Amino acid sequence: MRRFDWLKLGGTEGILLLGSTCNTQCTRSDVHCNTKFQLSTSPRSIVLNLFREVQNYEPGKCRIIDGMIFGSEDITVLPNGVALISSGLRYPMIPDHNEGRPGHIYWLDLNEKDPRPKAFSFSSGFDASNFHPHGISYFLEDHDDYSEGAYLFVVNHPFKNSQVEIFEMDFELNMLMHQKTIKDELLHHVNDVVAVAPNSFYGTNDHNCDDTLLLEFFLPIKLSDVVFYNSTTTVIVATGFGFANGINTSPDGKYVYVSDFKTSEIHVLRKNEDFTIEPERIIALNTHPDNIEVDRATGDLWIGCCPELWRLVFGVDVIPSEVLQIKNALSLEPMVTSVYANNGSVLQGTSSAARHGHHLLLGTVIHRTMLCTLE
């Protein structure tokens with residue numbers, strides 16, 4: 001049984017839910033459940049946007065893509081315009097609309113007049129029956145030739161665990177060739193990854209323990225972190241996040257972007273030659289950012305967001321959507337623009353957005369997928 005007290009966060013920004021008594025105890029045996037709380041002194045501990053009203057607007061002509069009904073949690077676009085999409089997420093606090101069925105990785109050619117999603121098959125030996133993808137990232141050894149050296153990194157949650165799969169993409173066979181599974185005690189609740197080499201990546205752990213997830217989310221504590229895997233070992237490279245969610249790098253690879261879903265912030269971190277990262281600045285938002293896609297030509301960030309977190313937290317059936325574009329993210333004056341918003345009547349719970357040319361592809365956690373033609 002849980003009993004909750006309410007504490008208002010100044011003004012009309014929102015409300016903070018504090019657990020006054022809770023019988024829930026962490027039952028995991030590893031050290032992550034015993035991590036000491038790091039109290040947050042930030043006034044942006046958590047903002048639920050309780051009194052925000054979402055107005056509907058679109059950046060151009062938009063349509064729902066047929067066949068994508070179990071979510072499109074993360075989307076990334078290859079330089080040639082082929083979008084890669086993860087679908088079928090199973091994760092704590094998220095309803096399983098896929099009814100236990102395995103997830104898929106789709107690809108969608110945005111160069112086509114009427115692009116249609118195609119599901120990759122998997123190489124023999126990979127357990128596709130327990131595949132539940134989350135964040136994805138690609139690494140290309142040759143940006144002009146995808147016949148070999150085109151790798152896809154996928155966060156996978158089989159049996160409610162967290163691990164990272166590395167595949168080589170074969171578009172001729174329409175198949176993901178499984179190369180490696182990475183498991184580590186520091187990859188305990190992985191949300192997203194960004195590949196930086198054929199066998200190396202940064203990853204976000206969004207929370208510390210499933211049994212205390214609600215307390216972690218609502219108390220002014222920050223247990224979330226960023227890790228780096230260098231093909232042999234995993235190390236923690238950044239801490240102090242409320243709920244580290246999406247992660248990506250700048251086009252030149254010198255900076256790492258991390259979205260904090262809990263505190264409504266984008267963290268800009270400088271990447272050192274030894275792959276350690278250091279805080280550079282924070283971009284404060286008025287919405288809750290999920291995955292970050294970086295336009296490799298312009299450096300713009302495209303972010304799927306949840307504008308009214310309280311609806312998600314309290315299980316309201318209709319979850320609104322929002323997409324942000326951030327220009328000049330590395331400057332002292334980034335330009336943040338809301339390019340799409342919907343009250344949930346058309347698209348619910350946007351988690352990703354990716355642009356290629358005049359196309360903007362919008363993904364959701366467990367709802368539909370939308371394609372917009374930008375005006």
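The count begins at 1 with the first shown residue.
Positions of Cβ are set from backbone N, Cα and C atoms, glycine also.
Counted within 10 Å of its Cβ, the other Cβ atoms near HIS134 (active site, proton acceptor) come to 26, all protein chains included. Positions annotated as active site, proton acceptor by TrEMBL: HIS134.
Around the Cβ of ILE136 (Ca(2+) binding site), the same chain contributes ASP74, THR76, LEU84, SER86, ILE105, LEU152, PHE153, VAL154, VAL155, VAL193, each under 8 angstroms and 6 or more positions distant in sequence. Under the heading Ca(2+) binding site, TrEMBL lists GLU73, ASP74, ILE136, ASN191, ASP192, ASN245, ASP290, ASN291.
Counting every protein chain shown, the number of other Cβ atoms lying within 10 Å of the Cβ of CYS62 (disulfide bond) is 17. What TrEMBL records for CYS62-CYS372 is disulfide bond.
Around the Cβ of ASN343 (N-linked glycosylation site), the same chain contributes VAL54, GLN55, ASN56, VAL318, PRO320, each under 8 angstroms and 6 or more positions distant in sequence. What TrEMBL lists as N-linked glycosylation site is ASN343.
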Let me know how many other Cβ atoms fall within 10 Å of the Cβ of ASN245 (Ca(2+) binding site).
25
What is the separation, in Å, between the Cα atoms of CYS62 (disulfide bond) and ASN191 (Ca(2+) binding site)?
28
Tell me the Cβ contacts of ASN191 (Ca(2+) binding site) under 8 Å, same chain only and six or more apart in sequence, or just say none.
HIS134, GLY135, VAL155, GLY203, THR204, ASN205, ASP206, ALA244, ASN245, GLY246
Fewest other C-beta atoms within 10 angstroms, as judged across GLU73, ASP74, ASP290, which are the binding-site residues:
ASP290
Distance from CYS372 (disulfide bond) back to GLU73 (Ca(2+) binding site), taken between C-alpha atoms, in Å:
17
Taking just the CA atoms, what is the gap between ASP192 (Ca(2+) binding site) and CYS372 (disulfide bond) in Å?
24
